[in-house]
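Pulled from TrEMBL:
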- A:30-37, A:147-150, A:Val176, A:184-187: ATP binding site (BINDING)
- A:His37: active site, proton donor (ACT_SITE)
- A:Gln61, A:Gln153: (R)-pantoate binding site (BINDING)
- A:Gln61: beta-alanine binding site (BINDING)
There are 2 protein chains.
Amino acid sequence: MNTVNTINELREQVRAWKAEGLTIGLCPTMGYLHEGHASLMDASVKSCDRTVASVFVNPIQFGPNEDLATYPRDFESDCKLLEAHGVDLVFHPEPAEMYADDFCTFVDIDVLSKTLCGKTRPIHFRGVCTVITKLLNTVTPDKIFFGQKDAQQLAIIRRMVRDLNFNVEVIGCPIVREADGLAKSSRNTYLNPDERRAARILSRAVRLGQSIADEGERSSETLLAAMREKLASEPMADVEYVEVVNGENMQPVDTFREGDLVAMAVRIGGTRLIDNFTVGQPPIEFQEGQSNAD
Amino acid sequence: MNTVNTINELREQVRAWKAEGLTIGLCPTMGYLHEGHASLMDASVKSCDRTVASVFVNPIQFGPNEDLATYPRDFESDCKLLEAHGVDLVFHPEPAEMYADDFCTFVDIDVLSKTLCGKTRPIHFRGVCTVITKLLNTVTPDKIFFGQKDAQQLAIIRRMVRDLNFNVEVIGCPIVREADGLAKSSRNTYLNPDERRAARILSRAVRLGQSIADEGERSSETLLAAMREKLASEPMADVEYVEVVNGENMQPVDTFREGDLVAMAVRIGGTRLIDNFTVGQPPIEFQEGQSNAD
């Protein structure tokens, strides 16, 4: 496995592979990798001749009061995981390599970015779309892989690829969970043991929502009331949103159907966590009453 | 010469050429082609194996009170010019092929788009950057050609290509002028004979500005005062702006130097015309006192 730090080196390696007729998969990450990321790498290695992973904490997708400075980093450990999962090339640029001092071009998406996380993170998806555009233009991959955990991000990237005619297939990979149901996230490392236990409430609410939907309920109001009640049962949980939106355009729906997205953001202590399910997907499974922190 | 109307057909042709190892030049236009456009085609045909011209009046770069509906169109005549200049493929899509009803992704550029034409055309360059991104993603050309007449557009595209890591060389081609000095533009067709004569004042002001700069003047204030006085000598000329800006970031400069841009927008009757020169370029030449309309 090779590591490069510059756009030019990355482009050079891609050019060599393309000259050989090899297909390329791209897995963009912010590092501090976990099994969720590993599942993207596995999907790419399985379906593409070569896999590029980027490890870059993208400054322009963080708001002024967000956790850019404290976002966890461990590049050495990341490389071990990437190598173990068969990644061919790691792109690990400095911020200055990606953003010149007078950088001023942004890819912005309307409508889909205004709901859910976009309400409290107004520049987040602009930052995501911009950095993904840069990576797509440099790697020109055949496929690009994202986790379903960031469901709104995935929907936005799909829309961006369609609207701007990127010649790439967008692959969404299922959420990977801890044994007790908590969705894997680099930010889980922020949680102290009490918060870690309390964080189980998100996946509990997801499972409750899934069971209600599976029983045939189609009223968003009814579904959300039950999920909010479940979340409210955890005193440490501070709910930012729980919503039901159309799976493609991310707009709220009163009556939901298969393919719609039920998504939440919940603060546990100072840590903002997200989770979601798509209506019609198989129910999530985890060990009741047990926490990795127990 | 072949004409295609869809992104997929365009991509298919490009794929075939790339498989043969051919280089591709792209000349984006809004049609109603003149010798200025022809010079782009010539430059592309000369330096690339294959040349694609797009003919598309891009709705999203027009403001609500601008001339989208009346913008001149003559596709048959355009095709004759393109064929005569050796273009291989014309891309001529319907607006619906480029913009789905729920299109909502835009490429926007800050700083460079706020001055000069950006002051009165706030969404113009966002529309330009977005359509050029779509064309770049579809054609993935080796070179893309723009006229220096739209100097701010050219600077913005250069910045966009740098910021978003498009793998393409941006080529700027000199302004082509009528015998009496008027810069060629599809919008010149809006001018009645009196306006056409009055429109000579733009190139007169350019030539005056060039001669003042060539004599060693470096104060923007002094240069602009002389050019404004020249423009004011034409009663039909309504000056929107005359400015001196840095040639790369389009920001006003008090003291100018080689490479800086002197640009103007002037209304003659209802028609908005633009012209410019770059400090240090050879002086423009035209026939004094004569108008094509005389």
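Quick reminder: no glycine exception, Cβ is built from N, Cα and C everywhere.
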Field: Position of peak Cβ density within 10 Å, selected from the binding-site residues A:Met30, A:Leu33, A:Val176
entry: A:Leu33
- line: Spacing of the two Cα atoms, the residue listed as 'active site, proton donor' and A:Val176 (ATP binding site), in whole angstrom, works out to 9
- request: Work out how many Å separate A:Ser186 (ATP binding site) and A:Gln61 ((R)-pantoate binding site) at their Cα atoms, rounded off.
  value: 16
- line: Quick note, A:Gln61 ((R)-pantoate binding site): same-chain residues at least 6 apart with CB under 8 Å of its CB -> A:Ile123, A:His124, A:Phe125, A:Arg126, A:Gly127, A:Val128, A:Val131
Message: Highest Cβ count within 10 Å among the binding-site residues A:Gln148, A:Gln153, A:Ser186: which residue is it?
response: A:Gln153
Query: Which residues, sitting 6 or more apart from A:Gly36 (ATP binding site) on the same chain, put a CB under 8 Å from its CB?
result: A:Gly147, A:Lys149, A:Cys173, A:Ile175, A:Val176, A:Ala183, A:Lys184, A:Ser185
Query: Any idea what the Cα distance is from A:Leu33 (ATP binding site) over to A:Gln153 ((R)-pantoate binding site), rounded to a whole Å?
result: 18
